[in-house]
Amino acid sequence: MRLETLPSEFQEALPVLEKIKAAGFEAYFVGGSVRDALLQRPIHDVDIASSSYPEETKRIFDRTVDVGIEHGTVLVLENNREYEVTTFRTEDVYVDYRRPSKVSFVRSLEEDLKRRDFTINALALDENGQVIDLFQGLDDLENQILRAVGTAAERFNEDALRIMRGFRFQAALDFDLEQDTFAAMKDCAPLLEKISVERIFIEFDKLLLAPFWRKGLEALLTSGAIEFLPDLKGSRAKLERLFDLASDFRFSASEQAWAALLLALDVQNVKGFLKKWKTSREFAKKAEDLVEIAAIRSERDLTKRDCYDYDIDLLLQAEELRQAQGLPVDFSAIQNLDASLTIHNKQEMVVNGGMLMQEFGFEPGPKLGQILKELEHAIVDGCLPNDLEAVYAYIEEKK
């Protein structure tokens with residue numbers, strides 16, 4: 001198969017291929033960018049594989065960065081863009097179900113492609129638009145099939161994260177897993193416990209944010225792989241509650257997706273759960289806030305104080321989840337409440353602790369903090385203008 005017109009992303013990278021070939025080596029576009037070009041999907045990173053060894057690649061180009069040279073990858077800076085050029089390679093025995101014990105550089109494209117995960121990702125593209133397909137990846141693309149390259153069990157034993165990638169690709173592409181590939185994913189699922197939580201989180205997160213997340217999640221659940229993810233043993237029945245969300249619903253942000261997961265699981269200790277997933281504190285706070293907002297909305301309408309206490313984006317995300325559940329929503333009420341706030345944080349108050357100490361002789365300590373909190377709430381609730389004279393008069397009256 002040949003692409004008559006190369007997508008612009010490849011055309012911009014052609015000078016890199018041409019320089020490598022002019023130096024006497026082979027070079028091809030490889031991986032996800034080729035797959036996405038053939039599917040007419042947006043292309044993100046353009047990766048290049050070459051028969052040139054890293055030191056040879058560095059001699060070809062004026063500006064390079066050693067980003068993963070031990071694995072054969074050199075970052076080439078060309079035409080104000082960055083391209084990863086990786087030497088054709090083979091990999092020895094995997095010591096931890098994630099990293100090969102040894103990487104060997106080779107001059108053969110076939111040897112390089114046969115180590116890849118799925119046939120649709122084992123395609124190469126030359127400078128003329130000719131697709132090199134050694135594992136029937138084009139047929140699988142046409143038939144919307146996810147099939148492991150070679151023996152599926154070997155691929156997943158080499159790198160167990162490929163199991164999560166398989167579910168993620170399902171969610172992204174709406175493809176079906178080939179029977180033997182799915183069977184190997186089920187058999188190798190216990191190996192997921194050997195993979196770093198951070199890497200699993202990235203794949204699971206991408207799955208949840210993908211357009212066909214239901215398909216990927218269903219495969220993750222039915223395969224039993226969910227049993228080997230942090231704190232999710234025995235969670236299948238509860239996670240199936242996510243399928244009750246509106247059929248056309250897509251999560252708008254990671255924190256929203258994970259809040260929905262937390263709510264489906266009825267997690268009581270959100271911080272503890274997300275700590276096991278090793279998320280950032282900022283992310284955990286957003287997810288926890290969303291769970292709290294959902295609890296508030298299940299009991300009453302939101303108030304000005306709620307709009308002050310929680311980020312407007314999170315309030316709207318929580319409302320989106322309610323809408324997906326078929327519950328009553330009022331987006332305009334939230335926006336109106338937010339717009340009516342006199343202040344959105346305590347830094348916007350006309351007074352601070354230092355001013356009160358100077359004006360009224362307050363000492364640092366709990367009492368001063370209590371007064372500031374009372375002022376903050378009075379201003380937010382609309383009981384007190386955010387005006388210096390009014391605030392001072394309010395304090396005088398309370399003294």
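The backbone N, Cα and C atoms fix where each Cβ goes, and this holds for glycine too.
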Which of these, Arg2, Arg63, Arg116, Arg214, does Swiss-Prot say binds ATP at the same site as Gly32, Arg35, Asp159, Arg162, Arg165, Arg168?
-> Arg116
Where Arg162 (ATP binding site) falls in three-state DSSP terms | helix
Should Arg116 (ATP binding site) be counted as helix, strand, or coil on the basis of DSSP?
-> coil
Which residues in the same chain, at least 6 apart in sequence, have a Cβ under 8 Å from the Cβ of Arg168 (ATP binding site)?
-> Glu203, Phe204, Lys206, Leu207, Ala210, Gly216
Least buried by Cβ count (within 10 Å) of the binding-site residues Gly32, Arg35, Asp45, Asp47, Arg162 | Asp45
At its widest, how many Å does the recorded ATP site span between Cα atoms of Gly32, Arg35, Arg116, Asp159, Arg162, Arg165, Arg168?
-> 21
Rounded inter-Cα distance in Å - Arg116 (ATP binding site), Asp47 (Mg(2+) binding site) = 14
DSSP output for Gly32 (ATP binding site) maps to helix
